[in-house]
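Engineer: This structure is in structure tokens; I'll ask about it shortly.
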Amino acid sequence: MAIVSSSSGRKPPRRPEALMDPQQAPEEVVSRPEDKLRPQRLDDYIGQSELKQVLGIAVQAALGRGDALDHVLLYGPPGLGKTTMAMVLAEEMGVHCKVTSAPALERPRDIVGLLVNLQPRDLLFIDEIHRLSRVAEELLYPAMEDRRLDLTVGKGSTARTRSLDLPPFTLVGATTRAGSLSSPLRDRFGLIQRLEFYGQGDLEAIVERTAGLIGVTLTPQARSSIAASCRGTPRIANRLLRRVRDVASVRGGGGGAINQALVGEALSLHRVDHRGLDASDRRLLQLLIDHHGGGPVGLETLAAALGDDPVTLETVVEPFLMQQGLLMRTPRGRMVTDAARSHLAEAA
């Protein structure tokens with residue numbers, strides 16, 4: 001499977017605690033064997049069982065017809081495996097996967113160049129697809145629906161439209177903000193699937209698999225502790241495991257399985273607690289309690305007080321805190337829960 005990657009363009013500001021930031025780019029570097037952590041096939045992809053069932057049937061049906069897979073939109077919090085799933089789909093279909101991101105497609109020729117170079121049944125993956133420009137979207141409409149590219153040649157009275165036929169292809173879009181997609185674009189995806197946060201069992205399996213790939217051994221308690229502290233996110237689980245490995249190599253005396261004490265030391269070093277909250281999470285909750293009586297507080301006010309970006313708070317920080325029952329969104333703003341107060345008191 002060939003992968004062409006294009007990733008230019010600005011990204012939203014990141015939180016200081018990059019270790020626990022699911023938007024932070026994964027550390028896989030394909031030139032280093034130990035970093036080949038991505039699963040290659042659906043059978044190797046841990047978790048997201050309903051998603052795998054739906055996409056597995058779609059892949060088998062497309063292969064049976066000898067046609068391209070229908071266009072796929074994957075959405076959900078960052079770090080849950082949307083890019084990995086796109087690559088897995090290409091592998092299952094036996095085609096090339098071209099990878100780019102919406103901010104990199106600033107000019108019409110950027111997306112035209114990708115589309116005209118697609119081979120039959122190839123897969124084009126666009127990350128952050130909600131950030132596509134209007135011009136790029138309009139070029140995609142006929143490409144997705146009619147496998148046709150409409151180009152305007154010339155200007156003014158001499159302008160004319162030229163149509164180019166495209167081979168059957170699959171567009172896989174990924175987004176953390178499905179509601180920000182325009183209806184015409186969203187409606188052209190035949191498969192729209194959400195990725196959910198991972199459960200403890202699946203995360204332990206991911207940690208165990210990654211540990212084997214990078215050559216470390218964990219006690220069951222250590223594996224469980226890492227899985228419980230990674231915010232339900234495989235990308236963070238793999239990153240935490242690397243930091244635990246660092247501590248073990250320096251403090252562990254060499255040899256033997258990594259135990260829970262070493263995991264605890266690594267988490268403490270990076271200010272991550274046993275539920276996966278980092279210093280920024282605790283600061284947000286504490287600010288709501290200390291300065292606003294627990295809320296409600298508007299998103300913009302909260303972001304300004306924290307010196308953070310509202311979009312990052314809404315798409316990266318809040319989903320996990322709400323999933324953990326520590327934060328509520330109300331029509332009047334954000335509020336902490338009794339569970340958040342108890343957790344902060346316990347951690348104090």
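In case you wondered, yes, glycine gets a Cβ from its N, Cα and C as well.
Sharing the features that Swiss-Prot gives for it:
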REGION    1-37  region 'Disordered'
COMPBIAS  1-10  compositional bias 'Low complexity'
REGION    13-198  region 'Large ATPase domain (RuvB-L)'
BINDING   Leu37, Arg38, Gly79, Lys82, Thr83, Thr84, Arg188, Tyr198, Arg235  ATP binding site
BINDING   Thr83  Mg(2+) binding site
REGION    199-271  region 'Small ATPAse domain (RuvB-S)'
REGION    274-348  region 'Head domain (RuvB-H)'
BINDING   Arg329, Arg334  DNA binding site
Engineer: Where Gly79 (ATP binding site) and Arg329 (DNA binding site) are concerned, what is their Cα separation in Å, rounded?
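Structural biologist: Rounded to a whole number, the Cα-Cα distance is 22 Å.
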Engineer: Among all chains shown, work out which of the binding-site residues Leu37, Arg235 has the most CB atoms within 10 A of its CB.
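Structural biologist: Output for this query is Arg235.
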Engineer: With Cβ-Cβ distance below 8 Å and at least 6 positions apart along the chain, what are the contacts of Arg329 (DNA binding site)? List them in sequence order.
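Structural biologist: Set apart from Arg329 (DNA binding site) by at least 6 residues yet with Cβ under 8 Å, we have Glu318, Met322.
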Engineer: Just how spread out is the ATP site if you go by the largest Cα to Cα distance in Å among Leu37, Arg38, Gly79, Lys82, Thr83, Thr84, Arg188, Tyr198, Arg235?
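Structural biologist: That value is 32 Å for the farthest Cα pair.
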Engineer: I need the CA-to-CA distance for Thr83 (ATP binding site) versus Arg334 (DNA binding site), whole Å please.
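Structural biologist: Rounded to a whole number, the Cα-Cα distance is 31 Å.
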Engineer: Could you check what DSSP calls Arg329 (DNA binding site) once collapsed to helix, strand or coil?
Structural biologist: strand
Engineer: If you run the three-state DSSP split on Arg235 (ATP binding site), which class comes out?
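Structural biologist: Going by the DSSP assignment, Arg235 (ATP binding site) falls within a helical segment, counted as helix.
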Engineer: How big is the Cα-to-Cα gap, in Å, between Arg334 (DNA binding site) and Arg188 (ATP binding site)?
Structural biologist: 34
